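Okay, structure first, notes after.
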Amino acid sequence: MSNPEPAAQPPPQVSHRGRSAAPIASSNAEGEEVPEFDSFGIIGPRGPPPLREFLDIWDVNMLRRPDEVNTPQHSTHLYASDHLIVRRGQEFQLKVTFDRPYKPSDDQFAVEFVIGGSPQYSKGTYIPVSVAKDRQSPWAGRVVDSTDNVVTVGITPAPDCIVGKWRTYVAVVTPYGIRRTRRDESRDLYVLFNAWATGDSVFLDDADEREECVLNEVGVIYHGAYDDMSERPWNFGQFDYGVLDACLFIMDKAAMPITNRGDAIKVARKASAMLNSHDDDGVLVGNWSGDYTYGVAPTSWTGSTEILLNYSSSKTPVCYAQCWVYAAVFNTFLRCLGIPARVVTNFFSAHDNDGNLKTDVILDENGRIDKHRTKDSIWNYHCWNECYMSRPDLPQGFGGWQAVDATPQETSDGIYRCGPASVQAIKHGQICFPFDAPFLFAEVNSDVVFYSRNPRDGTLEPVKVNSSHVGRMVVTKVPGQDARRDITDQYKFPEGSPEERTVLEKAEEYGCHREKATPPEADVELDMPLMEVRVGDDFELKLEFNNTSDQARTVDVYVSGNVVYYTGVTSSEFLFKTPRVILDPKKAEKQVMEVHSQDYMRKLVEQANLHFIATGKVKETGQIITSMRVVTLHTPKLSVEVSGLAKVSEEMMVTVEFTNPFKFNLEDVYVRVEGPGVMPPKYKHYSLITAGSSLTWTEGVTPRRAGPTKLMASLDCAALRQVYGQAQLTVKP
């Protein structure tokens, strides 16, 4: 008879005994109570004597209302919160009411701030602020005004102090000990990074940029193709109720030591790991498959609020995201904590599989693409973030904008995260500087190398190098307006310039390998001009050939049309043609191919991208010619209308309308709408929208604050993604 299996033992609890006096404080939500009376040890058996002749505290007013002194000066008036929110390195005020007038010569009191568990002065987690002139404190304190029993105290948190939620106490010194106020949650204080304070590592000198990258809560995210760009509105919602607490919860969930939370570099790096669910049960689950049965399709989201509040309440990752969702929610996190941040889009972004500066395309001996052997992919576009901060860990000149990316593509030190990498270092090829600069450098600098494969021995010979395709354009939003700004020149020098050559050589010294061969340019040019096509249209694909030589040329061409995911991965081929083109000397020739909607519509995936690639071999010279074109099919628009007077606390109507313009039905359709300060995220499900029919959804909303804002809506179903609409409005007070 076999021995019974021993019962499974619970895992041993990790003990800190013998290694450190206490575990490292890594939760902002937890904290021990501070005693109401700290004795000086000269108290008899009957406890403390009556302390009537000493100062007693009757009330502490945090001056947290939007019309009071603090929030307008700290640019925190937009946060929907019941607590005072201030920025570090800048004075805020509070009022203490005593039981009698305060006498500076006789009375001693301090305002104490505590964060996390096991608070310690030496760790910067316990800060007593004295108003006496002869006492030094990490945070400056002064008496601004003393009238009757009320003392107004000015307090300036250090410009490098810990960012998070602090507990506030007022303490009075007596000969017997320190008497202090009870814990009162309404006195909790949030301290944020301060882009307005010169002493803060995130100080940003440009007022327009600061306004946009810290205070703007609506954004534009660019997608599609560099020469046929689309945009989607996004509600970052960094001031919405509960979002700040959700951002602090993300750092708690990461068990990030409280003492590291004043360091913008560490906060941005930790968040780049925590925004994706790999490794650490972070915020968002990535899904590029097209099957979103168990969550929300990435194209359906209209803002970050719903995602962050879902995560902080359920404490489990939210389904689903793709790159722009990661970038948009990361942007909310950074702006909410006060770090200037923006979303950038790189068109034709290399996702290189083997750490070199090459994206390899393998051709057979006739010049046709070998799909089985071509493994590298180029994303039509990829979104990441830039955040603004000094880099004291790098040489002078590499502070400023830093690239960070939360989309899980590659691991960094074993964890899916990326950055912060100095954009200036990427531009200058200084890719040895932390963090993850080689990966970002390759995303904007890879060459597309076409290799011809010898069928006899399998060797590869480079036959064409396209060095300008990848990183074709990097864009972000212009501060203060809904227009785009081309920032490619911040990532790289002009194509073919001597500076660019120097940078690539420098990157090679640090281990980024590129194709050395420079195959001769073919004397036949091939181009596919831009086409603007709507979903469901028939259209013509044009190929333009130009023979620059003095002799006739014959070209055997392979034209392949594929439905692709935006990551450049092919879903299916819907067109394959093999024309032979005969060109007279110094003459041009056009080939036109009809593309019918029934060929591609049934195969469309996701973001309705078609990718055409033509490769050919010149018969007389054996040279290879290639051309690529991404066609982003344009989707119908969603109409968003506002009716009634837009006024604080008065109901108005929002109407979303859509007509199905197709010959087929749309099934399982979700419509979402939201607007900062006007409407929390709401959605509606329609099981069927028949061909040619319309939907109308009207919702009553009550604006909660004045000023310009936007309403953003999306319509999403498996057969039709990326349908957006928006309405701008100004709410009157």
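Here the Cβ of each residue, glycine as well, is placed from N, Cα and C on the backbone.
Bear in mind that TrEMBL entries carry predicted annotations, made automatically and left uncurated.
The region 'Disordered' annotation in TrEMBL covers 1-33.
The domain 'Transglutaminase-like' annotation in TrEMBL covers 315-408.
Taken from TrEMBL, the feature active site covers Cys323 (among others). Sequence-distant neighbours of Cys323 (active site) (same chain, six or more apart, CB under 8 Å from its CB) are Trp379, His382, Cys383, Trp384, Thr407, listed in sequence order.
Taken from TrEMBL, the feature active site applies to His382 (among others).
Here TrEMBL flags Asp405 (among others) as active site. Around Asp405 (active site), taking its Cβ as the centre, 30 other Cβ atoms fall within 10 Å, counting all chains.
Around the Cβ of Asn445 (Ca(2+) binding site), a 10 Å sphere holds 24 further Cβ atoms from the protein chains shown. The Ca(2+) binding site feature in TrEMBL is assigned to Asn445, Asp447, Glu495, Glu500.
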Calculate the distance in Å between the alpha carbons (Cα) of Asp405 (active site) and Glu495 (Ca(2+) binding site), and round it to a whole number.
25
Over the domain 'Transglutaminase-like' (315-408) the mean pLDDT stands at 93
I need the neighbours of the Ca(2+) site defined by Asn445, Asp447, Glu495, Glu500. Which other residues of that chain put their C-beta within 8 angstroms of the C-beta centroid, in sequence order?
Ser467, Ser468, Val470, Gly471, Lys492, Gly496, Leu504
Cβ atoms near Glu500 (Ca(2+) binding site) (within 10 Å, other residues, all chains)
17
Other CB atoms within 10 A, centred on Asp447 (Ca(2+) binding site):
20
Where DSSP helix means H, G or I and strand means E or B, what are the helix, strand and coil counts for the domain 'Transglutaminase-like' (315-408)?
15 helix, 40 strand, 39 coil
Sort out for me which one of His382, Glu495 has the most neighbouring CB atoms within 10 A, since those are the recorded positions we care about.
His382
